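Below is one structure, written out as structure tokens, with a few remarks after it.
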């Protein structure tokens with residue numbers, strides 16, 4: 001078959017048509033398509049231990065691929081911390097670090113795909129895992145991801161407001177002076193108490209809506225409503241276990257963020273892989 005060089009206008013039109021079709025597919029899949037609703041099995045602490053063991057095993061198996069995928073996150077954290085120092089926003093460094101727990105379910109999407117493919121017996125690398133963002137999956141995933149990023153932005157606004165009404169309006173001059181004021185004054189205690197209570201509300205919103213919804217969205221074409229509803233059902237059926245898992249995730253992410261965010265290189269992959277196995281333990285689709 002003879003190949004010819006196409007007209008730039010016709011090539012551009014074809015490219016735009018393909019892009020438009022991909023966007024249409026992504027938008028259509030935000031809603032629910034799969035008529036089979038998932039069955040939710042209550043979780044136990046034994047399930048968390050099992051999922052964590054499998055998550056660590058996946059991390060060891062994909063170690064080099066995972067490092068390539070997650071290096072960007074500590075880099076972003078370091079840039080945020082640097083910007084906070086430069087812009088005299090020292091009071092927002094801890095909220096920025098704690099906020100990683102809010103967007104964690106979204107940024108770990110590639111890790112779910114690695115675990116999914118390994119479980120299916122496929123040979124996979126980080127480059128292949130990126131194909132998770134195919135149009136049928138990208139729409140629902142990014143829609144739910146935007147929700148988490150919006151919560152993160154609102155959390156930072158709330159944290160700034162809490163500082164303003166407790167230790168403000170003057171901004172801290174040094175990190176050491178800020179830490180001293182927080183730990184030795186009644187206003188500092190008030191800021192910590194109000195901040196932790198507010199952060200807990202945001203964390204619960206993310207935990208309830210994002211616990212298993214992202215893994216489900218890459219596993220099945222269920223759409224955002226079904227995936228989020230499944231997370232709600234699991235949280236309602238296993239409140240203590242889900243709460244324990246949420247506290248564990250938050251503690252690990254905060255601890256991993258403190259040493260210049262470098263601990264995220266280990267924490268994010270293990271938690272991401274573990275979340276996939278928790279989803280598999282909790283969810284069954286009737287055949």
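Cβ coordinates are placed from backbone N, Cα and C, and glycine is handled just like the others.
Automatic prediction, not curation, is the source of TrEMBL annotations.
Range 92-112 is the one annotated as transmembrane segment, of 8-28, 29-49, 92-112 (source: TrEMBL). The transmembrane segment (242-271) is not in contact with the transmembrane segment (141-163), judged by fewer than 3 CB-CB distances under 8 Å for residue pairs 6 or more apart in sequence. Within the chain, the transmembrane segment (141-163) has long-range Cβ neighbours (under 8 A, six or more residues past its boundaries) at 26, 30, 91-92, 95-96, 99, 102-103, 105-106, 109, 132-133, 191, 194-195, 198-199, 202, 205-206, 209-210, 213-214, 217-218, 224, 227-228.
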